[in-house]
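Below is one structure, written out as structure tokens; the observations come after it.
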Amino acid sequence: MLIETLSVFPDMFEPAMSTSILGRARAAGIFDFRAYDLRDWTHDRHRTVDDEPYGGGQGMLMKAPPIFEAVRAIAGTGPVPHVVFFTPCGAPFTQATAERLAREERILFVCGRYEGIDERAYELADERLSIGDYVLTGGELPAMVVTDAIVRLLPGALGDALSSVDESFATGAGGGLLEYAQYTRPAEFEGRGVPDVLLSGDHANVDAWRRADAIERTCRWRPDLIATADLADDERARARELIARYHGACAPAPHPACEPAPPHRDLVACDSD
């Protein structure tokens, strides 16, 4: 996989891409990374990438022409990239999105700055993403977040091929739940013990405990995930009881998290009209 970024601060990426799991995966050739400077596609001596917005308003907008020229030039070499813009009107980034993007051959992240990007530049986007309902100073950090989430799913990136299977939000064996509680040595610490079942050596009981704990933790901390979680009928009934206990919902009117959600698209187009 080739992951690329287009930004006015390309130097921000190298430390993250050379450290820990990302650094090892990159060194092993599991993925390649390139960071491009948007200013390389400007044609004035000041290398201008922004200007005042039409109609007035605060801040400066990133200009469309350099972005169009840069994306076209980058895309013109090698396989056509999947182009991603980060914007508040993008679809929420989820583990399911990461799993889908991990199947791409080449991804180009276009990172905004300042007040935003000229709306016309979004015509280049194959996808718009948001990593949360808050404002950052630019798209570089979201690009790093999404890259980390993608790369760790690539074969060979993690030491154990199953390391990502049962994690929180995983849509495979994890069923879209939060991960179960985990413990390591010592078995006793300041009067705090470890559940006996985890010390029993009975793998079937351990698996059952972990499944039940994942459901309970999700009901307590993220009940919104239950609606789309892969649950058996008895597990969903148990989830209703747990959500009622922790949140006082589901009786008499069902809490939205207690009922399966209708199918929905992972991608949401942003209406710019």
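Glycine is no exception: its Cβ is also placed from the backbone N, Cα and C atoms.
Pulled from TrEMBL, these are the features on record:
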| type | residues | note |
| --- | --- | --- |
| DOMAIN | 1-227 | domain 'tRNA methyltransferase TRMD/TRM10-type' |
| BINDING | GLY112, ILE131, GLY132, ASP133, TYR134, VAL135, LEU136 | S-adenosyl-L-methionine binding site |
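Positions of the features from TrEMBL, shown on the structure.
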residue: GLY112; record: S-adenosyl-L-methionine binding site; Cβ within 10 Å: 24
residue: ILE131; record: S-adenosyl-L-methionine binding site; Cβ within 10 Å: 19
residue: GLY132; record: S-adenosyl-L-methionine binding site; Cβ within 10 Å: 11
residue: ASP133; record: S-adenosyl-L-methionine binding site; Cβ within 10 Å: 7
residue: TYR134; record: S-adenosyl-L-methionine binding site; Cβ within 10 Å: 7
residue: VAL135; record: S-adenosyl-L-methionine binding site; Cβ within 10 Å: 6
residue: LEU136; record: S-adenosyl-L-methionine binding site; Cβ within 10 Å: 13
Please find, for GLY112, ILE131, GLY132, ASP133, TYR134, VAL135, LEU136 as listed binding S-adenosyl-L-methionine, the greatest distance between any two Cα atoms, in Å.
16
According to DSSP, which of helix, strand or coil covers VAL135 (S-adenosyl-L-methionine binding site)?
coil
